[in-house]
Structure formats: C-alpha cells, structure tokens
Amino acid sequence: MRKKISIIGAGFVGSTTAHWLAAKELGDIVLLDFVEGVPQGKALDLYEASPIEGFDVRVTGTNNYADTANSDVIVVTSGAPRKPGMSREDLIKVNADITRACISQAAPLSPNAVIIMVNNPLDAMTYLAAEVSGFPKERVIGQAGVLDAARYRTFIAMEAGVSVEDVQAMLMGGHGDEMVPLPRFSTISGIPVSEFIAPDRLAQIVERTRKGGGEIVNLLKTGSAYYAPAAATAQMVEAVLKDKKRVMPVAAYLTGQYGLNDIYFGVPVILGAGGVEKILELPLNEEEMALLNASAKAVRATLDTLKSL
C-alpha cells in the first residue's frame, strides 16, 4: 500500500514541496488549502506533469480535512508570509491561530502520522502543534535546521570553490537570527573547513547564514524563500517514510539535553520512521554553549509570548 502525505497549505512552499515529493515518488499526495480551487488547481497541474516527469503517484487537491485521513506524514506550511522588516516573532499571533486550526482538524484523522511543521516562528509553532495534537513529542518536529544547514553549506562551497556535495555542516539553535552555525563541526570531504577558508571570511559566512532567510525576503520584496525550504522539507519526509536514519538538525523537543527542558529547539537528531529516534549531544565548547544558550533564550521568549496569548 502506498504511503500518504498530506500538505496543509498550498502556497509556494506547500506546492513546491508537493512537487519535490512527487518527483521522489514517496507516496500519494494530498494538497489542502482553505481557498477553494487553489489546491485543486495546483494539484491537477502537478499531476498533469507526471507523464512528462515520469512519476507515478496520485496528487489531489482539497478543502476538506477528511481527505487527509490516515496520512503517514502531515506537513504544515500554512501561515502568514514574512514581509520585509518583519521578525518571525511578529508573526506569532496570526500563525498561532492558523496552527491551532490546522492541527486540531488534521491530527485526529491521522493518529499515527509524523507531523512536520514549516511555518514561523518555527520553534514556537512546533511546540504548539505538539500541544494541540497530543502526539508523542518525537512524532512532532520542525523543519528549520536542514534548510539553514543547506544555506550554510552553499555559502561555504561558494567561498571555497568546491562542490556543494562535498560540504558537510552542522548548526543548532532556533530558526532565526540567533541560530548557531558550528564551523568546528563543518568539513569538506572530511577536511576541516578552516583549511579552506580564513577565520574572518568564515565568520562572515556564519553571519550571512543567520540572515539567509531575510536576505531572500529583501530581494523578493513581496515574498519569502520556497525552493530550498521545500527541498529541505522533502528530505525530512523521505527520511521518515524510508526510515533512513538520517542525521540532520531539526526542531526537536528537549528534556534536559544541552541543559534545556520543555522547549522545541534545533539539534542534531537521527530521523527515521518514528520521527526523532535519538537526539545527538555534541561536545560543545564554552563559546558554542554561550551562543546556544542565547539562542534558547530567544526561543523561550517567543514561546512565552505564545503561552500568553
């Protein structure tokens, strides 16, 4: 029996995620949105590409949550877009209501699903989704670190003049300007990145990574990134559905790891069929821990705002 993936939100990120997933033939796809005609039109358009691109999965669009029943993975991309000059925290009031509505309707219909959150502020919305769904925390995760690490790897490859395929990089922390790229855990085909890039340039790359989402928002003027976020989301879905045991940074629920409790936070995990199968604790130095704690403080402040609504 084919796997089933439901994507809630048929905007740029949602529909592009559907395209990546269809191309990978990971399962039948349901694209849901509250705007009548939009998910149906995008799903039909994508399905009509299947004879050309050669993927054999069904893609359907709907406004009815009943059509998402018995999903193996639920991806939530619904949310207000981020505008120039707007912080992720500005989005919290609007997107909290959207998240509650989506999860309260979708989760009961797919009690065994893994939920992947993609809306902002990411860490707080993932916490809210876990609370509303009542699912085990390991089956509710947030997509942030895979995207942020991809940006980091891209910038390293550009600077070093090497293939992006050979760059491995890790980062941690909240999804936002306080994320913590980790040059000490970044390599090019196993060679420390410091052998290729001078410390001052590496520091600039770290800062560009932190501002990566905002850079694209400022360039586009009327929207935000969607190709890379969708590709990152599809990679996480693939890790779950194929039980790949991928090591990747995701927003996971912490119960004492890194000295943090009752918070969704970007950390390296082993991702498989059960969602987060293990949280990996890296031996961070004093400077890295200070940055991590500062990031956690920012995430906690957003979470406190959420809880006060």
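Glycine is no exception: its Cβ is also placed from the backbone N, Cα and C atoms.
Of all Cβ atoms in the shown protein chains, 23 besides its own fall within 10 Å of the Cβ of G9 (NAD(+) binding site). As annotated by Swiss-Prot, NAD(+) binding site applies to G9, A10, G11, F12, V13, G14, D33, N95, V118, N119, N120.
All protein chains considered, the CB of R151 (substrate binding site) has 25 other CB atoms within 10 Å. Summarising the annotation, Swiss-Prot assigns substrate binding site to R82, R88, N120, R151 and lists similarity to another entry as the type of evidence.
H175 (active site, proton acceptor) carries neither a helix nor a strand DSSP state and counts as coil. Cβ-based neighbour count (10 Å, all protein chains) for H175 (active site, proton acceptor) stands at 28. Residues annotated as active site, proton acceptor in Swiss-Prot, with similarity to another entry given as evidence: H175.
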Assigned conformation of G11 (NAD(+) binding site) - DSSP reduced to three states: coil
Residues near D33 (NAD(+) binding site) in space but at least six apart in sequence (CB under 8 A): I8, G9, A10, G11, G14, P39, G61, N63, S78
Which same-chain residues, if any, lie at least 6 apart from V13 (NAD(+) binding site) yet have Cβ under 8 Å of it: T77, V118, Y226, P229, A230, T233
Between N120 (NAD(+) binding site) and H175 (active site, proton acceptor), the C-alpha gap once rounded to whole angstrom: 9
